[in-house]
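Participant: Here it is: the structure, laid out below.
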Amino acid sequence: MTDTVRILGIEGTAWAASAAVFETDRTAISTGDRTAHPDDVFIESDAYQPESGGIHPREAAEHMHDAIPRVVERALEHARERHDGPATDSPIDAVAFSRGPGLGPCLRVVGTAARALSQALAVPLVGVNHMVAHLEIGRHTSGFDSPVCLNASGANAHLLAFRNGRYRVLGETMDTGVGNAIDKFTRHVGWSHPGGPKVEAAAEDGDYVDLPYVVKGMDFSFSGIMSAAKQAYDDGTPVEDVCYSLQENVFAMLAEVSERALSLTGSDELVLGGGVGQNARLREMLAEMCAQRGARFHAPEPRFLRDNAGMIAVLGAKMYAAGDTLALEDSRVDPDFRPDQVPVSWRSDETELAAGRGEGASQIRGAEALVDLEPAAGRVTKRRESKTYRHPSLDDRLRRERTALEARLTSLARREGVPTPVLSDVDSREARLELEYVGERDLREALSTARVRDVGRHLARLHRAGFVHGDPTTRNVRVGSDRTVLIDFGLGYHTDHVEDYAMDLHVFDQSLVGTADDPAPLREAVREGYREVGEARVLERLRDIEGRGRYQPDR
Ligand SMILES: C[C@@H](O)[C@H](NC(=O)OP(=O)(O)OC[C@H]1O[C@@H](n2cnc3c(N)ncnc32)[C@H](O)[C@@H]1O)C(=O)O
Ligand SMILES: [Fe+2]
């Protein structure tokens, strides 16, 4: 006998008024076995199209007000057609709605509709985080166990991985979401909203021009490249060239941080989520990056990438099956709802990710280099291989620049009293370095408060000397019996901005959160070490940075 579950989903965080019905077998929800029990998702959407400019919160809310009842009615009709019990029974088992993040006025319309329905049909209410839904739909359709997820949507851009009952943010944009960044450029050149698809079309005829490229560990920033793109357009660079190069750099940044996340977590599965995921060039780059490192890649079909209620209904079903429902009085919407605030009730697994170099391995594939280890000879050879996913000019530039920087900053750091490997040879043209073999293992395999306190002191020394490491993660620190050694300065640079110093600490902090079971005492120890040597204002700025990354409306 089959035991069918039908969940109604409602989405309306910004532009898409959408309702969906997810129908599946009750046991399939927990087993995740979609072969034995094929499921079905019906989606009805109505998009808000601004007359001019970007998304206006009030207009968008008016759209929700008109369109939500219509799309919900269509979805309910569908559910009634599928329903074979008595007509007096509810055709659905629960109502799931997106609680946030998103535009407050839009979310409130959706919340009100969801509450009213759950009351009228006497079924439970499920509050879904929109960003976690963008992630879970990819996990659902791929069947992957524990993938890293890149969410590339309008108002967001971040990397998520499951650890200790939550989806942790491994890296994210330091300014706007990726879609909004692209849409702002298209507004500048006078194209209508949404701009993403227009940039993709124009890019077909473009040639490559140099634009900024900014990656800090697994975080990244779009503000520099966006102003440079506008400037290039104003200076008469053909718009196709700007669009092409914008895509090449922005998507290469996203592919690079995704690769770093795979490398850091030891996962070999990547899923893509969010509206920008509809872009064929982004998908191509991610697929190629994964193929080159032997990882699996999955992007859901477009109707599940752009905002849609299908993903809300699918995650809603998993939450419903886990008993994760909301009482009416606790069902307020949350415009700033972060994905890492969600207790992941529907997953009980704790996949142990096997990162690290493995005993006795003589070659390691890092996030961007192949490293040959010769401990007996006390030597390491590091080669930044060509990444086929990115444009050859960009690839060439990044490999040379980073190799040269790594050589320079590794030596400079040692002069400042920070343990680093001694350099024996550099070939920037071939992007190859020969360095001293240091330490016995990576910090991530030997975390202790004493060691991370050392890292705090080391980073403070670099900052006092006017540069940053750029990618201080628990894999870029080697530990031995008596010292804690910083390696891999390829993303470092000279700077006198407090913000850059604080970002350096933030990157290390995030890698602790991503790798440690109990990061709190470790994070405190880093700060203690830093305080001994460095400036207090950097730690103050770090607190500011932690408060950012909230949902930003597209204005
Ligand atoms: C909080 C929520 O409201 C928000 N949703 C959202 O922004 O809609 P979403 O459907 O995930 O993404 C829309 C973005 O996706 C971009 N987009 C759509 N097709 C694109 C394409 N072919 N290439 C590049 N960008 C594209 C649009 O320009 C727009 O910026 C979010 O997930 O951040
Ligand atoms: Fe979205």
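Cβ atoms are placed via backbone N, Cα and C, with glycine included.
Pulled the feature table from TrEMBL, pasting it below:
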- 1-346: region 'Kae1' (REGION)
- ASN151, ALA152, SER153, GLY154, ALA155, ASP183, GLY196, GLU200, ASN279: L-threonylcarbamoyladenylate binding site (BINDING)
- GLN363, ILE364, ARG365, GLY366, ALA367, GLU368, ALA369, LEU370, VAL371, LYS382: ATP binding site (BINDING)
- ASP471: active site, proton acceptor (ACT_SITE)
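I'd like to know what surrounds each of these features in this structure.
Facilitator: In three-state terms derived from DSSP, ALA155 (L-threonylcarbamoyladenylate binding site) belongs to neither a helical nor a strand segment and is classed as coil.
GLN363 (ATP binding site) falls within a strand segment according to DSSP. Packing around GLN363 (ATP binding site) is summarised by its Cβ count: 10 other Cβ atoms lie within 10 angstroms of its Cβ, all protein chains included.
There are 24 other CB atoms within 10 A of the CB of ASP471 (active site, proton acceptor), with all protein chains counted.
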Participant: Which whole-number value in Å describes the distance between the Cα atoms of GLY196 (L-threonylcarbamoyladenylate binding site) and ALA367 (ATP binding site)?
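Facilitator: With the alpha carbons as reference points, the distance is 28 Å.
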Participant: Mind computing the max CA-CA distance among GLN363, ILE364, ARG365, GLY366, ALA367, GLU368, ALA369, LEU370, VAL371, LYS382, which the record assigns to ATP binding, rounded to whole Å?
Facilitator: 13
Participant: State, in Å as a whole number, the widest CA to CA span among the L-threonylcarbamoyladenylate-binding residues ASN151, ALA152, SER153, GLY154, ALA155, ASP183, GLY196, GLU200, ASN279 given in the record.
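Facilitator: Overall maximum Cα spacing for these binding residues reaches 18 Å.
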Participant: Select, from SER153, VAL371, ASP471, each of the recorded positions with a Cβ positioned under 6 A from at least one atom of ligand 1; if none does, say none.
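Facilitator: By the Cβ criterion, which requires under 6 Å to ligand 1, the hits are SER153.
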Participant: Hey, how far is ALA367 (ATP binding site) from ALA155 (L-threonylcarbamoyladenylate binding site), Cα to Cα, in Å?
Facilitator: 27
